[in-house]
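A short worksheet on the structure shown next.
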Amino acid sequence: MKKNFTLFIISDLISQFSAGIVLAALNWYIIDVYQSNSLVATIANINVIAGLIISLVAVGLLKRMNSKRIALMSYFFRVIFIALPLILLKLGIDDRLAIYLLALSNGIGWNLYFPASKDILNSFTAEENALQLNSFAEISMQVGLFSAALVSGILYRYIGFENILLLGTFLFFAALVIFALVKYQESDKVEAIEQQGVFAYLIRHKWLLILGLVLYIPFIGANVINTTLPGYIQAHLSGNSISYGFTDTMYGVGACLAGVLLPVIAKFINKEHLIFPLFSIAVLLGVVLVLNHSLALTAGYIFLLGSVGPAIRTIIYTRTMEIVPSKLLGPLVSVWNFINLIFQFVANYSVGRVMDIVGPQWGFMIYASTMLLGILLFIGIKNRYRA
């Protein structure tokens, strides 16, 4: 099991790194060429719309198909939807179409991969090591996804956007090959006669819908940060692609620190009691970033946000694995992901409009409001959650 878990994590790390360098480069390319926060938000929402459609498909696929096959499909889609834009850009045909296809790469790929990967991760997890493995998986995601931003910022400055896409294509293909080597014990799939099992389960346990929102609000918050940061760095703080990449990377550094420290802290403090304080810190930092004018301090604030959001996700997902039957976990995550994408669409649209009309710093007020919603929702279910 150790060898296969290691292969799983290595593949995940490479794929998240590839997604990170492509996403960071894409966001900066849009700001650099088009000077439009609304276009950054539009690209994010193309990602979301694709994700909404794929999430509906993923629920059914996870009931009938091997999770490994679904994850491999996600890698295939990502390779294709990065290679095609690269060809369009090289031929000088239509850079806007290339941008839209790159958004589809993440929208299709991520929303197929995420529930399937959680299903696979669950097969490696026992009750006694759930927090440790979830923390390790969170570290892998953050090291790959957000720490790639610094590399992307430097590469953008010195080798350009198209060469970053070429690198991303090769990395995703390498991740696909490594993932194909992973072996694990597939959980029993829900039989065809039980197709509505996950929905019946949610009807019996309605509070889990709210729990899913609380789980995904840090994801929505991270997406708001991704949408806000390029324009915030360039227009509000007069930074360049390297300072943007470094600042974005600090989120990943904070997330890695949280992943390392959380299992240690949980030995002394009930981890469930950390959720409210962590959400509160996130709200406060969002407001501080609205008032901030220092590039150096911004990196520190983003580092703290990186420590907070992933810690919340890890705690809640670990608790979810204790509550939800394993055979329903993958489909349930897909349902939650669908709901999350609707909220992401609204948040992205709001961020783009507010930043272009009011000012780039006000994107972080949307972030603070999102995390405040997380506090209110968690208060409503905390008794059931801790029961």
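Yeah, the Cβs are placed from backbone N, Cα and C, and that goes for glycine too.
Caution: TrEMBL annotation is automatic and unverified by curators.
Here is what TrEMBL says about this protein:
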type: DOMAIN; residues: 4-386; note: domain 'Major facilitator superfamily (MFS) profile'
type: TRANSMEM; residues: 7-31; note: transmembrane segment
type: TRANSMEM; residues: 43-62; note: transmembrane segment
type: TRANSMEM; residues: 74-91; note: transmembrane segment
type: TRANSMEM; residues: 97-114; note: transmembrane segment
type: TRANSMEM; residues: 135-158; note: transmembrane segment
type: TRANSMEM; residues: 164-182; note: transmembrane segment
type: TRANSMEM; residues: 207-229; note: transmembrane segment
type: TRANSMEM; residues: 249-266; note: transmembrane segment
type: TRANSMEM; residues: 273-291; note: transmembrane segment
type: TRANSMEM; residues: 297-316; note: transmembrane segment
type: TRANSMEM; residues: 328-350; note: transmembrane segment
type: TRANSMEM; residues: 362-381; note: transmembrane segment
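Panel annotation: around the transmembrane segment (273-291), residues 214, 218, 221, 232, 265, 298, 301, 304-305, 308-309, 311-312, 315-316, 361-362, 364-365, 367-369, 371-372, 374-375, 378-379, 382 of the same chain, lying at least six beyond its termini, place a Cβ under 8 Å from a Cβ of the stretch. The stretch from 7-31, 74-91, 97-114, 164-182, 249-266 with the most CB pairs below 8 A to the transmembrane segment (297-316) is 249-266. The largest share of C-beta pairs under 8 angstroms with the transmembrane segment (328-350) comes from 43-62, of the ranges 7-31, 43-62, 249-266, 362-381.
Fewer than three CB pairs closer than 8 A are found between the transmembrane segment (362-381) and the transmembrane segment (74-91), and contact between the two stretches is not assigned (pairs 6 or more residues apart). In this chain, the transmembrane segment (74-91) lies close to the transmembrane segment (164-182): three or more C-beta pairs between them fall below 8 angstroms, excluding pairs fewer than 6 positions apart. Contacts between the transmembrane segment (164-182) and the transmembrane segment (249-266): absent, as fewer than 3 C-beta pairs lie under 8 angstroms at sequence separation of six or more.
If you take every residue in the domain 'Major facilitator superfamily (MFS) profile' (4-386) and average the pLDDT, you get 85.
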